[in-house]
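Visitor: Summarising the annotation, TrEMBL assigns transmembrane segment to A:20-42, A:54-79, A:100-119, A:139-162, A:182-206, A:226-249, A:261-279, A:343-363, A:383-403, A:415-436, A:471-494, A:525-546 (among others). What TrEMBL records for A:25-520 is domain 'Cytochrome oxidase subunit I profile'.
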Amino acid sequence: MPNGATFADAYPTQARHIRAAFWASFLSLGVGAFFGLIQALHRTDILRVIESQTYYTVLTAHGVFLVISFTIFFLVGVFQWAVTDSLERPPVDMRFTWGWYGLMSLGASLTAFAILAGFTDSIDVRANVLFTFYAPLQAHPLFYVGLVVFVVGTWLAGADWFRSWLAWKGDNPGERIPLPTFMVLTTMIMWYISSIGVAVAILAFILPWSLELTGSLNPTLTRTLFWYFGHPVVYFWLLPAYLLWYILLPKLAGGRLFSDPLARVVFILFVLLSTPVGIHHQYLDPGISEGFKFIAMTNTMFLLLPSLLTAFTIIASMEHGARQRGGEGYFNWLTALPWRDPAFTGMALAGMVFAFGGFTGIVNAGMNINYLVHNTLWVPGHIHTQVGTAAALTFMAGAYWLVPQLTGNRLVGRGLALVQVVLWFVGIVFMTNSMYRGGLVGIPRRTAEPQYEGFEYEVAAGSVGELNAQLAIGGTILFVSAMLFLALMVLTAFNGGTEPIDDGSIPPALSGPEDSPAVLDNLKLWVAIAAVLVVIAYSFPLASIVSRGGLFGPDIGPIPVAIDAASTVARTALEAVSAVVR
Amino acid sequence: MSNVARQEDPASVERIEHDEFDPVGTLALIAFYFAVLVLLWLFTYFVEFLGNVPTPVVVA
């Protein structure tokens with residue numbers, strides 16, 4: 001890319017494609033955030049605009065729109081930018097690139113339709129199964145078909161990036177993989193290994209069951225396959241944020257990445273360790289023995305290593321920037337950082353929230369204390385600090401730098417953008433503080449009406465009213481912040497005739513790839529080791545689940561049917577009683 | 001990345017290379033973080049174990 005040229009100048013077609021991915025992502029953010037606001041006000045009983053039964057449609061939409069559509073559309077855009085920019089070449093065939101984008105959009109639209117149709121009785125389609133779609137909760141087949149098409153789209157996206165890399169390798173034999181491309185390829189390897197689990201769960205069991213081709217399934221098996229994918233998927237959300245922290249944040253701080261080799265080690269550790277840990281989401285599931293859960297816990301604790309390595313590398317890179325800007329002392333250098341830059345401040349705040357959320361993750365990961373917070377509001381607190389801030393706020397902050405590069409337009413409202421990222425931080429502190437503390441006193445999650453007659457939660461400091469107020473205020477601030485972000489993005493897109501402040505160049509690392517062993521770039525080796533770890537962690541639990549419950553389970557019928565039957569019985573009984581009373 | 005040419009931060013006052021850079025601030029900040037983690041663990045222990053009575057033993 002010539003000096004001073006934006007990405008949009010150098011690769012206009014690719015920039016258009018990435019912008020399309022970003023718009024799909026931002027649209028999902030807008031819709032998902034709106035549902036989040038409804039939930040925050042509903043479960044605190046401040047404003048109930050929907051029936052409590054509809055809460056689950058809202059909750060499903062909030063989950064799927066945000067953690068599947070918003071995050072993944074954004075990350076494919078970031079990855080396409082990273083690969084194109086660092087390999088300095090467009091995709092081999094742009095039609096293929098548009099093809100996977102089309103598949104992802106089609107899949108997302110089908111799933112979105114299946115969920116949103118739940119709001120009206122005039123269409124006989126429902127998918128109130130939440131983002132985890134645990135069987136025997138059953139959605140309309142369109143929901144699952146959409147998810148499959150979407151995931152296949154991401155697989156093809158990965159194939160596209162591998163193809164670009166192979167083409168580049170042919171032209172540059174013996175060269176180290178550029179770091180951004182290395183991060184994309186390793187993340188996609190992790191995604192391939194892990195998404196096989198959800199693909200098998202849907203294609204072999206849940207979809208045929210929802211189409212009534214098979215009469216039953218084994219819920220423990222499909223849950224286990226879901227969580228085989230369900231933990232690595234959090235790294236699929238997080239690693240693009242890591243990419244932005246490693247590649248962009250040092251530059252924004254005025255410095256250079258401290259160590260390219262450490263960054264490679266971190267991404268390899270995620271390839272190896274992300275998948276053989278999923279059972280830690282199932283500590284309370286019957287049908288999986290404690291021994292397997294213990295192994296999953298041990299693996300999970302190893303996963304702290306790459307995150308702590310990241311904390312070190314990123315902070316050291318920021319410190320390098322601060323020192324170059326004249327920062328001094330043990331802590332005073334922090335004041336030399338460019339806190340007025342919304343892209344920098346957003347990412348730094350996201351990292352800070354992530355560091356705290358990491359602690360709560362250790363609580364979730366520990367078998368004994370997990371029992372105390374499992375299925376409580378603590379868990380949504382954790383997910384909102386992690387994907388809802390570490391990833392989401394980093395994406396928004398990253399967009400303040402990336403979107404000008406992708407449009408060739410100057411960011412509109414830099415000051416407002418700073419307000420936006422700070423608002424998000426404040427909102428998340430209020431909301432998750434309430435969620436964590438509520439979880440500790442046992443307030444359940446995934447509940448429209450968490451208050452019970454004749455029962456009081458014993459809040460050690462404060463009260464349930466205070467927790468509710470914090471949750472509602474936090475949720476509202478987050479919604480306002482999301483809307484402000486979207487408004488600034490739309491205005492920037494139309495801000496023609498201007499130029500970005502920054503020239504889009506990324507300085508090289510202080511310690512470059514030449515300082516690291518070449519084996520780090522041996523992707524085949526890491527895939528092989530990761531596969532062995534997965535086999536060790538999962539073959540026995542899966543065999544045990546299948547031998548106990550059977551592949552297709554002990555005759556489990558779908559839940560929505562049971563609810564319909566039960567509600568019909570209840571309605572008939574009520575009518576009979578009221579007739580007698582009258 | 002594509003552009004190896006250094007883009008100097010306008011606010012940069014000096015250029016610090018690898019061997020001149022000693023990240024003591026990082027050490028200080030991470031030490032602070034670990035101290036916070038230890039306090040959070042103590043707090044968790046208090047909330048979850050010392051703050052609650054033992055699980056009642058139910059004899060059938």
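Sequential numbering from 1, following the chain as shown.
Using N, Cα and C of the backbone, Cβ positions are placed for all residues, glycine too.
Just so you know, TrEMBL annotations never went through curation; they're auto-generated.
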Visitor: Which listed range (A:20-42, A:182-206, A:343-363, A:525-546) shows the maximal number of Cβ pairs under 8 Å with respect to the transmembrane segment (A:415-436)?
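Guide: Looking at each of A:20-42, A:182-206, A:343-363, A:525-546 in turn, the most contacts to the transmembrane segment (A:415-436) are made by A:343-363.
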Visitor: Return the average pLDDT for the domain 'Cytochrome oxidase subunit I profile' (A:25-520) as a whole number.
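Guide: A mean pLDDT of 95 is what the predicted model shows over the domain 'Cytochrome oxidase subunit I profile' (A:25-520).
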Visitor: For the transmembrane segment (A:100-119), which recorded stretch in the set A:20-42, A:226-249, A:261-279, A:471-494 gives the largest number of Cβ pairs separated by under 8 Å?
Guide: A:20-42
Visitor: Under 8 angstroms for C-beta pairs, at least 3 of them, ignoring pairs fewer than 6 apart in sequence. Is the transmembrane segment (A:226-249) in contact with the transmembrane segment (A:20-42) by that rule?
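Guide: Checked: the transmembrane segment (A:226-249) vs the transmembrane segment (A:20-42), no contact.
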Visitor: Please identify the stretch among A:20-42, A:54-79, A:139-162, A:471-494 with the greatest number of Cβ pairs below 8 Å relative to the transmembrane segment (A:383-403).
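Guide: That would be A:54-79.
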Visitor: Please report, as numbers and ranges, the same-chain residues at least 6 past the borders of the transmembrane segment (A:54-79) whose CB is under 8 Å from any CB of it.
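Guide: Non-local partners: 18-19, 21-22, 24-26, 28-29, 31-33, 35-36, 38-39, 42-43, 101, 104, 108, 111-112, 115-116, 118-119, 126-132, 147, 150, 154, 157, 161, 184, 187-188, 233, 236-237, 239-240, 243-244, 383, 387-388, 391-392, 395, 398-399, 402, 446, 448.
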Visitor: Against the transmembrane segment (A:261-279), which of these stretches has the most C-beta pairs under 8 Å: A:20-42, A:343-363, A:525-546?
Guide: A:525-546
Visitor: For the transmembrane segment (A:525-546), give me same-chain residues lying six or more residues beyond its boundaries with a C-beta closer than 8 angstroms to one of its C-beta atoms, as numbers and ranges.
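Guide: Same-chain residues near the transmembrane segment (A:525-546) but 6 or more away: 186, 189-190, 193, 218, 220-221, 224, 228, 268, 271-273, 275-277, 279, 287-289, 292, 295-296, 299, 519.
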